[in-house]
């Protein structure tokens, strides 16, 4: 009786044979790999039966493209390559995810403070283009870093980082990938913002354009480098202590990415805009950063896994950038209308990605963060109408993203697309868009009922 290897009623254990290389007369390489699986039925009817799968040479040639690397077949049969002997228990998941969620929620509070500092920085008040790019820049950088965290966690869980050499190899090429992506998407984001500012009639001189580009490119480069190393360290420690890095890395990347990027943007932007630079010197620095980004992309293209992420993951990042443009416009308009927007923007948007793992305690965390803001900020809104609507929309946003996440992941698997590289950018952009709209509605309801002079 044939057995479907994708049937969830079966538990697989496997041994992977080492690949053999044979070179043809034309110089091309052919890889042969075989997978032996022991398939055990949960109902006990077919215990001990074995199933041998022969992976076709043509499929491996298309997948590996003649590169001397390990066979990456996780996307075909994920259960076969999970390194743990036993599946992760609900208790372990709950404890790990709850702890990191609470820590990350506290981090979002401080990220909101940094966002308020940046938006009220006197050095930036005359440059509305910098305020418009903040949500777009944070969203894109968050997508890149969370995608890296998810990709590295998958490699750890599939036992492809079991030696320091493999970890260093993966880190090197993935670092090149995210640096190249960060520089390229920051450049594209700057181009979109320039188009919007031009359409709004804002006068942009060549020096002003150069200062803006230098600020966001430098911020993206430094922040991506720092966060990539921290994420790699977290994955390494997770493997050492037998903790699933999937429960830790993505929430950490979501929070730390915003905090680090805002901190660096505040200091670098203040330095750049407060100095007297010549146009030639600024454009020269921009050219060096762009050349470095191109070099990083070339390095990433030489590796199979990062090439796949670069090639197939670019569409979702571009689509999230387009969605992020709308978020940036809404955010800038909300800041001009309601001063308290910066206090709640990051908490509402980023908490959705953290609490999507533990939906049922989302309301508790949201109420705790609102109480913390009310105590620490004079601009906090304590009216019952705002608090009730805020919590309602926060839980609604989490539920919407939860079901979108499940549907999107299933669709990507059905289309043979790696969700690690494509789902997070889309979910991040949709979460930012939904959160910004819901926050604007909350503030509008409060203003309608309370009619304050300034909120």
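Glycine too: its Cβ is placed from the backbone N, Cα and C atoms.
The compositional bias 'Polar residues' feature in TrEMBL is assigned to 14-41. Taken from TrEMBL, the feature domain 'SLC41A/MgtE integral membrane' applies to 134-265, 343-441. Residues or ranges marked as region 'Disordered' in TrEMBL: 14-46. Here TrEMBL flags 93-118, 130-149, 170-203, 209-236, 248-269, 281-301, 313-332, 352-373, 385-412, 424-446 as transmembrane segment.
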Does the transmembrane segment (313-332) reach the transmembrane segment (209-236) with at least 3 CB pairs under 8 A, where each pair is 6 or more residues apart? no
By DSSP, what is the split of the domain 'SLC41A/MgtE integral membrane' (134-265) into helix, strand and coil residues? 115 helix, 0 strand, 17 coil
Would the transmembrane segment (281-301) and the transmembrane segment (170-203) count as touching if the test is at least 3 Cβ pairs under 8 Å, pairs 6 or more apart? yes
